[in-house]
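Asker: I'd like to ask some things about the structure below.
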Amino acid sequence: MTVLTDKIAVVTGAGSGIGEAIATLLHEEGAKVVLAGRNKDKLQNVANQLAQDSVKVVPTDVTNKEEVDELMKIAQQTFGGLDIVINSAGQMLSSKITDYQVDEWDSMIDVNIKGTLYTAQAALPTMLEQSSGHLINIASISGFEVTKSSTIYSATKAAVHTITQGLEKELAKTGVKVTSISPGMVDTAITAAYNPSDRKKLDPQDIAEAVLYALTQPKHVNVNEITVRPV
């Protein structure tokens, strides 16, 4: 028996990169997985690699609260519960404050901060009612380390850290766990546009393994934060 047999997991941003790697690994470990993201074709491509009776594609824009609410309802209607939610949807744009690209700021705030909050508020009522569940937010090293072109992105990921820390306190003694995972540079299509090819990068699978580690700790153990860096 695999370690997540019959657990029901929702993964946002599951159409590519880190989200795809997480969804695939959770499925390999026995979970029934709901794939969420904006691009239905990409989600379906991921789903086609998995057993069809244990995967569900739900196109979802995490900046739309109603769509996120519906996502959680569909997960429960399809598989009969909700055990794991991975907030992997994210947006990284190279946008300085002094570039004055307010539309880019709004977009990152909507995806990275509001998307995290909308997903939490949609999942937590069920988890609290059943006194179990695990919410994992994919943050970033950039939430701790700022470059001259990452101010807005770094601020949004710092917010994800703060949200996770606050939730840990709010959820204490409820049986519901919450974790943030902060990757360093990961080799994805998003990062390829902004970073030199010779810079050391993690593989998306490395982040998926960190997620699995957090999920498979004993019931009385909550891993609040994991930082993953390339060496």
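Positions of Cβ are set from backbone N, Cα and C atoms, glycine also.
When I checked Swiss-Prot for this same protein, it listed these features:
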BINDING   10-34  NADP(+) binding site
BINDING   S140  substrate binding site
ACT_SITE  Y153  active site, proton acceptor
Asker: If you count Cβ atoms within 10 Å of the Cβ of the residue listed as 'substrate binding site', leaving out that atom itself, what do you get?
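Answerer: Step by step: centre on the Cβ of the residue listed as 'substrate binding site', count other Cβ atoms within 10 Å, giving 26.
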Asker: Report the same-chain neighbours of I18 (NADP(+) binding site): residues 6+ apart in sequence with Cβ closer than 8 Å to its Cβ, ordered by sequence.
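Answerer: Within the chain, I18 (NADP(+) binding site) has Cβ neighbours under 8 Å at S88, I138, P183, V186, T188, P204, I207, A208.
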Asker: Compare the C-alpha of S140 (substrate binding site) with the C-alpha of each of the recorded positions V10, I22, G30, V34, Y153, and give the closest one.
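Answerer: Nearest candidate: Y153.
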Asker: At the level of the C-alpha atoms, what whole-angstrom distance separates L26 (NADP(+) binding site) and Y153 (active site, proton acceptor)?
Answerer: 28
Asker: In the three-state scheme derived from DSSP, which category covers I18 (NADP(+) binding site)?
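Answerer: Assignment for I18 (NADP(+) binding site) reads helix.
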Asker: For V10 (NADP(+) binding site), list the number of other Cβ atoms lying within 10 Å of its Cβ atom.
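Answerer: That number is 30.
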Asker: Based on Cα distances to the residue listed as 'active site, proton acceptor', point out the closest of the binding-site residues V10, I22, G30, V34.
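Answerer: That would be I22, nearest by Cα distance.
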Asker: Other than its own, how many Cβ atoms are within 10 Å of the Cβ belonging to L26 (NADP(+) binding site)?
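Answerer: There are 27 of them.
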Asker: Residues with Cβ closer than 8 Å to the Cβ of A14 (NADP(+) binding site), same chain and 6+ apart in sequence?
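Answerer: Spatial neighbours, sequence-distant, of A14 (NADP(+) binding site): E20, I22, A23, V33, L35, A36, G37, L43, V46, S88.
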